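Engineer: One structure follows; several queries about it will come next.
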Amino acid sequence: MASACASSTIAAVAFSSPSSQKNGSIVGATKASFLGGKRLRVSKFIAPVGSRSVAVSAVAADPDRPLWFPGSTPPEWLDGSLPGDFGFDPLGLGSDPESLKWNAQAELVHSRWAMLGAAGIFIPEFLTKIGVLNTPSWYTAGEQEYFTDTTTLFVIELVLIGWAEGRRWADIIKPGCVNTDPIFPNNKLTGTDVGYPGGLWFDPLGWGSGSPAKIKELRTKEIKNGRLAMLAVMGAWFQHIYTGTGPIDNLFAHLADPGHATIFAAFSPK
């Protein structure tokens, strides 16, 4: 679905060009309806170009979709087809179709890493706080002793993550080129989208095989939770810088003394 969404977005930008309007396409009406807040339906139009015909499709734009600011007009390149698209791009970072496609994948993978990072910060710290576990805090994890030195661990991580990220990058450049298992060639994935490999390892419950509306709903939830996780990880990092403790310790301290243990106390002279 992600590749299809990206394609539809690319088409939307391409169709809004002056050359497309001169060729008798329906883009003029499409753009006017979009800016005027009217619902558009997907339809096909055959426009003669020289001695051949070119089939184009109008991109569906739903005026009732949620926007980051109610009543605002979303940019042309954010037509609501991408998961988590609420029309927010004040810097125009997605105005170029290729940049939009790349940024969508970058946000997706950063969201997933942030969700893993947030779980690794909050859950062990909370369980240690209530006495279930006895683990070092996330901000001192690099100071602990492991089965080998940190340089060796870094090299191992670099090789493993580099291999995985290399295959992900190849799939972005040429969708579907990594759908065959490199170790067991008989294991192949079909009908997958860029960033959503599916299969037994990445979709064991088969949630990605539902209706398009359901799939987009799940992908939107993933992006929204990922964005929240990125903010949470950044917040935990700043909390440790200014307080010297983690978010769970800060929470318990605030609950014990809500009048004094606040965010303002970290910036008050002692």
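Including glycine, each Cβ sits where the backbone N, Cα and C put it.
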Engineer: Would you please say which range out of 146-166, 167-187 has the annotation transmembrane segment in Swiss-Prot?
Structural biologist: 146-166
Engineer: Which of these, E76, E98, E107, E125, does Swiss-Prot list as part of the chlorophyll a 1 site with F88, R227?
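Structural biologist: The one candidate that Swiss-Prot places in that chlorophyll a 1 site: E107.
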Engineer: What same-chain residues lie close to the transmembrane segment (113-133): Cβ under 8 Å, and 6 or more beyond its ends?
Structural biologist: 225-226, 229-230, 232-233, 236, 246-249, 252
Engineer: Tell me the Cα distance separating Q144 (chlorophyll a 3 binding site) from E165 (chlorophyll b 3 binding site), rounded to the nearest angstrom.
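Structural biologist: Counting only the Cα atoms, the answer is 27 Å.
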Engineer: In sequence order, which residues at least six apart in the same chain have a CB under 8 Å from the CB of Q144 (chlorophyll a 3 binding site)?
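Structural biologist: Those within reach of Q144 (chlorophyll a 3 binding site), by Cβ under 8 Å and sequence separation of 6 or more, are P136.
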